[in-house]
Amino acid sequence: MATFSSLSAATALSSIPKMASPARNPIPNVHPASSQFCPNLKFNPKRSLFVVFTSSQKPQFPCKSRRRSSVQCLFTGIVEEMGRVKNLGIAENGGFDLEITAKTVLQGVNLGDSIAVNGTCLTVTAFDHKLSEFKVGLAPETLRKTSLVELVPGSPVNLERAVQPISRMGGHFVQGHVDGTGEIVSMDAEGDSLWVKVRTSEAVLNYIVAKGFIAVDGTSLTVVDVFDEEKAFNFMLVAYTQNAVVVPLKKVGDLVNLEVDVLGKYVQRLLSNGAIGSIESQ
């Protein structure tokens, strides 16, 4: 399997055209899944979606779109469990399907429920309690904008169900709407804690502040420092968190999903359109 650096990955993903023309050309080396749980799922366990997306023969999708849910999801960034990717690949009805083994997040699950997978809000389209697995759909645009494109069968993923009105708010308000990706540039141990530094785009970094909230692969974390010249920020993971989330399992050069605190985006919007000045003048 071809390998790519994180920088080339970002370049390749940004150049992927939006696919609108109806076509049903098969992808080479992508075979039907053996499991009857997801009969429309086609995958090759040795090919990541990133390789499929960046190969010379790009996947094509029919025009039929998935029905969008009108329900808005909300998360806390407190990971409930780490699941494992079982199968992934191109679905016959358009887009991609992702099948994950898990237990905790399946408790009380219903079709159409929202589950954050590495911080990305996705909709449950099928589940099986006996097999302890569920399936979610992935749109091509989701793969362009998140690190989910790097997943392969066996990859661990952070999972969190959408909050209910009675839920404790242990982290911060997380929408599951990824603002961008970052590249891990260093991982350094200090005692039983782990320092992690992540480089990201200037557009995302503008909303990151020291001692502020950040969701990294869906995990609610506190930013320690921001390094404007390096376009990076860092955070520290205590021993307990290291055993509960996927970031420590990654390595330097890997991508992570980032979602900034939505309050910062609202403030920036109000300042940019002059709304605050207008309010003060009244």
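Backbone N, Cα and C define each Cβ position, glycine as well.
Automatic, uncurated: that is what TrEMBL annotation is.
Features as listed in TrEMBL:
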- 74-172: domain 'Lumazine-binding' (DOMAIN)
- 74-172: repeat 'Lumazine-binding' (REPEAT)
- 173-271: domain 'Lumazine-binding' (DOMAIN)
- 173-271: repeat 'Lumazine-binding' (REPEAT)
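For the repeat 'Lumazine-binding' (173-271), residue counts in helix, strand and coil come to 21 helix, 42 strand, 36 coil, using DSSP. For the repeat 'Lumazine-binding' (74-172), residue counts in helix, strand and coil come to 13 helix, 43 strand, 43 coil, using DSSP.
Mean pLDDT across the repeat 'Lumazine-binding' (74-172) comes to 89 in this model.
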